[in-house]
Amino acid sequence: MFPPSSAPLLLPQLEELVVPLHTAFTLTCQGEATIAWDVPLDVPEKTQEDNSGLFVTTISVDSASAMHTGYYRCFYRRNATEDADEAMQSIYVYVPDPDVPFVPLVVPFGNHVLSDHEEMEIQCRVSDPSANVTLINVDTQQPVPCMYDSKRGALGVFTAGTYVCKGVVNGAEHYSEDYIVHGWIGGSGLHVELTAKHTVLLVGDTITVNCLAQGSEILEDHWKYPGKVANRAIKTVHENKKDQEILYTLTVPQASVKDTGIYSCSITDVVTNMSQTKQIAIRVYASEFMSIQPKFGEYESAELDEVCEFRAEITSFPTASVTWFKDSVPLSNVTAEISTSLQKLSETSYMSVLTLIRAKEEDSGNYTMRVKNGDQSRTVSLILEVKVPAVIVDLMDIHHGSATGQSVVCITRGQPTPLVEWFVCKNIKHCANDTSSWVPLPVNSTEVTMDSRFDEDNNLETQVIFGHLENTLAVRCLARNEMAAVSREIKLVSNGPHPELTVAAAVLVLLVIVIISLIVLVVIWKQKPRYEIRWRVIESVSPDGHEYIYVDPMQLPYDSRWEFPRDRLVLGRILGSGAFGKVVEGTAYGLSRSQPVMKVAVKMLKPTARSSEKQALMSELKIMTHLGPHLNIVNLLGACTKSGPIYIITEYCFYGDLVNYLHKNRESFLNPKPEKSNKKELDIFGINPADESSRSYVILSFESKGDYMDMKQADNTQYVPMLEISNASKYSDLQGSNYDHPPSQKGSNDGEMDQLLSDNMSEGLTTNDLLSFTYQVAKGMEFLASKNCVHRDLAARNVLLSQGKIVKICDFGLARDIMHDNNYVSKGSTFLPVKWMAPESIFDNLYTTLSDVWSYGILLWEIFSLGGTPYPGMIVDSSFYNKIKSGYRMSKPEHAPQDVYDMMMKCWNSEPEKRPSFLGLSDTIASLLPSSYKRHYERVNHEFLKSDHPAVTRVCVDNDDAYIGITYKNQGKLKDRESGFDEQRLSSDSGYIIPLPDLDPISDEEYGKRNRHSSQTSEESAIETGSSSSTFAKREGETLEDITLLDEMCLDCSDLVEDSFL
């Protein structure tokens, strides 16, 4: 057989071949010997020998892909080591794939290129020979000059960095994977460090092991660890080119006991073929553990000024916290000369050291080391005794010259407690030089008694009591312990009579007692609380509003239109009384055209009120006239300031204060009753729509009896005489008022309003009711803020509830016994509601609208805790103040939605400027209520301001038709007759009693007698007042027209007001 030629024959005989994607192609190589192939991807080959002796090898690809792109070479197997150019035949096959424009690399680290500053190859080969390829530097995003060969890639000299090839095929841009050119190959060797964040862990913790390698940039890492079979670890790589190091991190989440073992990291330098392995032990415990080995005994002693150390070894995981106590007080609060330290011996072992730098006597005591580890806590204790030499603090004669004997007290101290011995010397002249003259004192003889005790400073007081002394003698006190022995002497003079000293002492004692008594009386008088109105009008004196002054209420004008004839006011039962005054239920006649008889609340001072308190009440009246009317404040209706005590007449709120209401309805809130299917629909004020045309905007007087407010309740048997109205003319039978509103046209959402603002209190209490209360209070406070008025005592006890579930803000401090009210804390000569006050009010005496916002947040807490006391279980002391300063805030009440609690927390912001305004608060609450609530509220408020409510008419009317009482022009009287007022009669057998100034309440029994003899009482009262010309004593047959005429006659009498308070 002839020797084969130098190279076989490859068919087809082309340099390159383009094969469409997913089509088949075949290459054939024939020669005179056995043939081998070098192909980019393994493909099946078929070899056969024909009759002529030629070897024919065929490779076939059924579905071509981009991975088949590359050189296909055939050669004689025996010539594999010969020159490639002569021994091989080759063809380059392209398989264009639009989804794979660049041929993927199959060689490990094929995208890593070593920079040797010679021509390099970045093998970003394309699958489509028509592609236009540009090399881009990723770091600069700039093209890199190079020569590109579609069969080899980008050719050139490249600096270290990251590169990418951009190919454009048919107008579309494609990018290859990143190619990394390494500029450093590493030092002379390979260095590996293996560390772990924690080598001891608990089940569930995360194991983190770091393997830091320094060598070339082409390194391989290989890990061995207990959980490798389960492939539990996560590996990450971070390259630090600046320091020429690579960090490999192995992370095992949710470690278990099975992850305990050896963790091994092996690093191989691909360039130098060097490798290095490091190991570390990791231990995972199933649970926490802790043990203490004290290096001291239960009892220890130290000498004075000695440096002492007491050690205890602690084994714990996780890390334990160690605290030392002395006599149950943390050592950090005892002295700076006692130090504690904690030394870490290993990840689970520590040494705690207690050091007494210079032991002192007060360092004696019980020392306790408490070690806490999670839920585990253990303690070890030692009792330390610092030995102190015995000393005599004092030696004194207490009863020198007493006729009943003399007493000598020797005060000693030392550790251990000194032993005290007594000696006497009767020969005074030789006591100093002759030790034999001193003899021990017999214990508890007939002439001498001894006693000893420890005083508050833990000193030992030893007392010797001598009977009658005939001669002067010297007494020695000797104190000794194991550290020292000391003695002191004192001379006792024999007993003798000294009557002049006795008399002088008695006079001196009496004088001291008198002086002390006077001082106590003065202090008590100065500390007696004085009445002051909490509401204040402020005026800003700085551009930013941070500085302000209080406007003196006495400088505000008083409009005499508010004056109401005293004889038109009948006082009834006492609603509440306090340290300064009282609030009395009253009936006013002629306040309004639509309600000629109206139940009101009357504020007055006690008869013993000082002039400053009268001035304060007048200030309150002027502030209320300054504010004007609003739906959600207790409005001023009138005042009596002339010819008698000052009376402030306000709206009467039947359901009392909000706290009591929430308490009484707590059960209905917690256990709501099922709705009755046949319940009548009510409008938002609880008025039957069928009767709406005959009812006023809001009923201001009631015949039934209810609690009024949470204050010191007066004796129920005490009454101020009040007009009796017969059963035939009760309030419920009176005709409708003249400020009726037209019947409402109810929509589909009014059912929600029925429950929110219904007057049917049996319906129960809902979360929407609570939101309604908070919204109305916010609107009321928004109104006060618009008037520059600061409330300073905003709380649920100062919010009253009237018909239709309308809440009204008030200040009933006058009639509240604040000296015995736990909500008020004594500070100087006043009592403050500290738990409702903002920090700047408590600590800086700063009151603004923003401090009222803080109080509003406390009010929200009260409402949604259903009348709970703020900061439950906490007393107002230094600890309370410190907690407020440090940012303590109350947790969310049980019934508060999260949105409401978020609003509370905003109100309690320690920085006042960051608290919300009352306008913002009302908008926020409105968003939590049914959509139609705000519309209903605005309609009611509009009707209130358009009505002839007394609080509105006195502000709006400034013409001749204004009325005081019922003072109408003739056309007004005609109009009253036409509307049926002349049909309203008072009972013929009911007397009208003119109230005496500051008349003491009467008992129920006396009140009943007066009712039975009303006519007689009326006459007597009229005589006592001395005002027969203005007495409104209604006779049988009198009509309201007659009452009106009397009013007009008396109108001129009401122009004078006490000038001293105006």
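Using N, Cα and C of the backbone, Cβ positions are placed for all residues, glycine too.
C265 is paired in Swiss-Prot with C211, the candidate among C211, C308 named as its disulfide partner. For the ATP site that Swiss-Prot gives as L575, G576, S577, G578, A579, F580, G581, K582, V583, the extra residue drawn from K603, K614 is K603. Checked against Swiss-Prot, the residues N79, N760 yield a single entry marked N-linked glycosylation site: N79. Per Cα geometry, Y550 is the residue among the recorded positions C74, C124, C165, Y550 nearest to C410 (disulfide bond). If you count C-beta pairs under 8 angstroms between the domain 'Ig-like C2-type 3' (190-281) and each of 28-96, 287-381, 389-493, the highest count goes to 287-381. Along the domain 'Ig-like C2-type 5' (389-493), the predicted structure has mean pLDDT 84. When the C-alpha distances from Y824 (phosphotyrosine) to the disulfide-bonded residues C29, C211, C265 are tabulated, the minimum falls on C211. Rounded to a whole value, the Cα-Cα separation of C211 (disulfide bond) and C124 (disulfide bond) is 32 Å. Helix, strand and coil counts from DSSP across the domain 'Ig-like C2-type 1' (28-96) read 10 helix, 34 strand, 25 coil. Comparing C124 (disulfide bond) with C29 (disulfide bond), their Cα atoms are 29 Å apart once rounded. Remark: C165 (disulfide bond) has F102, I122, C124, V133, T134, L135, I136, G153, A154, Y175, S176, Y179 as non-local neighbours, by Cβ distance under 8 Å and separation of at least 6 in sequence. Calculated from their C-alpha atoms, the gap between C74 (disulfide bond) and C265 (disulfide bond) amounts to 43 Å. Rounded to a whole value, the Cα-Cα separation of C265 (disulfide bond) and Y550 (phosphotyrosine) is 77 Å.
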